[in-house]
Structure formats: C-alpha cells, structure tokens
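Asker: Okay, so TrEMBL annotates it like this:
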DOMAIN    33-303  domain 'THH1/TOM1/TOM3'
TRANSMEM  48-73  transmembrane segment
TRANSMEM  124-143  transmembrane segment
TRANSMEM  155-177  transmembrane segment
TRANSMEM  189-211  transmembrane segment
TRANSMEM  232-253  transmembrane segment
TRANSMEM  269-287  transmembrane segment
Amino acid sequence: MRTRIITGMPLEELSSSSMTITTPFLEIAALMTNWWDEINDSTQWQDGIFFALCATYALVSTVALIQLIRIELRVPEYGWTTQKVFHLMNFIVNGVRAIVFGFHKQVFFLSPKVLTSILLDFPGILFFSTYTLLVLFWAEIYHQARSLPTDKLRILYISTNAAVYFIQFCIWVFIWVDDNSVVEFVGKIFIAVVSFIAALGFLLYGGRLFFMLRRFPIESKGRRKKLHEVGSVTAICFTCFLIRCFVVVLSAVDKDASLDVLNHPVLNLIYYMLVEILPSALVLYILRKLPPKRISAQYHPIR
C-alpha cells in the first residue's frame, strides 16, 4: 500500500501513463519542427511565399495610387495636401517592397551585403515617415482645438525624420566598411527604437484626439465617424509598430529569428503581413472617403 498515492494508482502505472500522454505531444512538436524546416529549406516554398508578398504589396500600392488619383481629380486646386502626400508615400513604400520581394533571389545575395540591408531597411524607414505623417496631422488638429501653437510641430516632424535617416545612413556606412555582428545588432536595435517612438506617437496624439472627440458636446454622425476613424487607426498603427519593435529585438538576439535571410520565408510572411501589409490595407480602407468638391477655408485633407 505504500507504493500508492492519493488517487490509488501505483507509481509504476502513473509513470507509464505520463509517458503515454507526453509521447503524442512530443511527436506533434517534432512534426511541426520538421514541417517548418522543410518549408524554410524548400526553394519552391521560398519562391511561392516571396512572390505572394510581392503580389500583395503590389495590390496595396495600386490601391494607394488609385486613391491618390481620385483625390487629385476631386481637389486639384489644393496642390499637395497631407492626404495626397500620405497616399503617395504609401504607393512608394508598398511599390518598393513589391519590387524587392519580386527579385528576392537577387536581393538576398547582393554583394556587398550593405546593399541587401539598404533594400530591406529603407522601405521600413519610409513606412515610419509615412505613418508618423498621420501623427503630425492629428497633433496639428489637437493643438489647434486647444489653441496651442502649431508652428513647431512640422519642424519636429522634419527634424525627427532627418535624424532617423542620418543615423540609418551612418549604420549602412559602418556595415559597408566593417560588416560585423555588433554593427548589425546596433542597426536592428535602432529600428526597434524608431518603431517604439512611432508607437508612442500614435498612443499620445491618437489617444488625445480620441478622448477630445469623446468629450465633444455635440452628438452627430460626423463626430461618431471621426471617433471611430481615429480610434481604429490609432489601435492599428500602435499595434503594428509595437509588433515590429518586439520582432526586430528578437531577431537581434536570436539568429534563428532573423528576417534578413532567404531561408526564413514563413517568418517573413507573418512579419510583413502583421507590420506593413494588413495595417496599410486597413488604414487605406478607413481613410477611403474623398474630400468634398466644395471645400471651405477650414478644410482638413484627411477625412
């Protein structure tokens, strides 16, 4: 009787039962690992996934271009408004990504290696500039509504982006001169920091504008739509930049999670879908409304 536990099962039977239970889980884990490795090492899967990314980016880029043309036809007299610049930058970012992934075999094996880094990192920096343009727009609306000065906001946006491009350029120069793991690590951490700053920007000004609209006394359909628009875009962009920050840090400390290699197609598919393709598609859909034909002096480009 001493060999029995509270349940009344002998220790020998309990050990045998545990092995029986854990064995299927180990087998499933082994199958999943083998499946992941087979896809990553398969040339057909690599081509299929990267060409799928190419096609998806091309589709989003085309949508942005069509929307830009529609806005230009609707309000040609206003020149390059914030709304038009935003759609133009979306067209460029997604178009460059489509070209890069369309020629993925050549891109991942370019020499010197810094060329690969430029082609993979530059669209990400441009994506940062594109979506922080929304933060600038919201910041201007918030400051105007609070009767706060807005003259320094554009200077802050331009100087921040100039600093980001300058530091990234210096990192590329260091990679070109002496390509080592330390420089690559610093480059990835820099991208993570930039992404975190963008996430904070959306949380700060998207959140402020959202709560300001909620406190607005007049209940109307336009107010509800604007509240939904600001809340949705803030949540989408904050989440995508936060995910980018986390994944880039992970890839910096774990080589198995690297995104800059050809034999990680599944990871690239998940990453770019979550941090660029889906956010861009959703934001373009939310901001699809065209400006009115007759525009007042207080017209704001992004509706």
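Cβ from N, Cα, C; glycine included.
Note that the structure is predicted; figures quoted are calculated from it, not measured.
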Asker: Would you kindly list the residues that approach the transmembrane segment (232-253) from elsewhere in its chain, counting only those six or more residues past its ends and only Cβ-Cβ distances under 8 Å?
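Answerer: Same-chain residues near the transmembrane segment (232-253) but 6 or more away: 124, 131, 134, 184-185, 188-189, 191-193, 195-196, 198-199, 202-203, 206-207, 210, 259-260, 271, 274-276, 278-279, 282-283, 286-287.
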Asker: Where else in the chain does the transmembrane segment (269-287) make close Cβ contacts, counting only residues six or more beyond its ends and a cut-off under 8 Å?
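Answerer: Same-chain contacts beyond the flanks: 49, 52-53, 56-57, 60, 63-64, 67, 83, 86-87, 90, 93-94, 97, 124, 127, 131, 134, 229, 232-233, 236-237, 239-241, 243-244, 247, 259, 302-303.
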Asker: How about long-range neighbours of the transmembrane segment (189-211): same chain, 6 or more residues beyond its ends, C-beta under 8 Å?
Answerer: 121, 124-125, 128, 131-132, 134-135, 138-139, 141-142, 160, 164, 167-168, 171, 227, 230-231, 233-234, 237-238, 241-242, 244-246, 248-249, 252
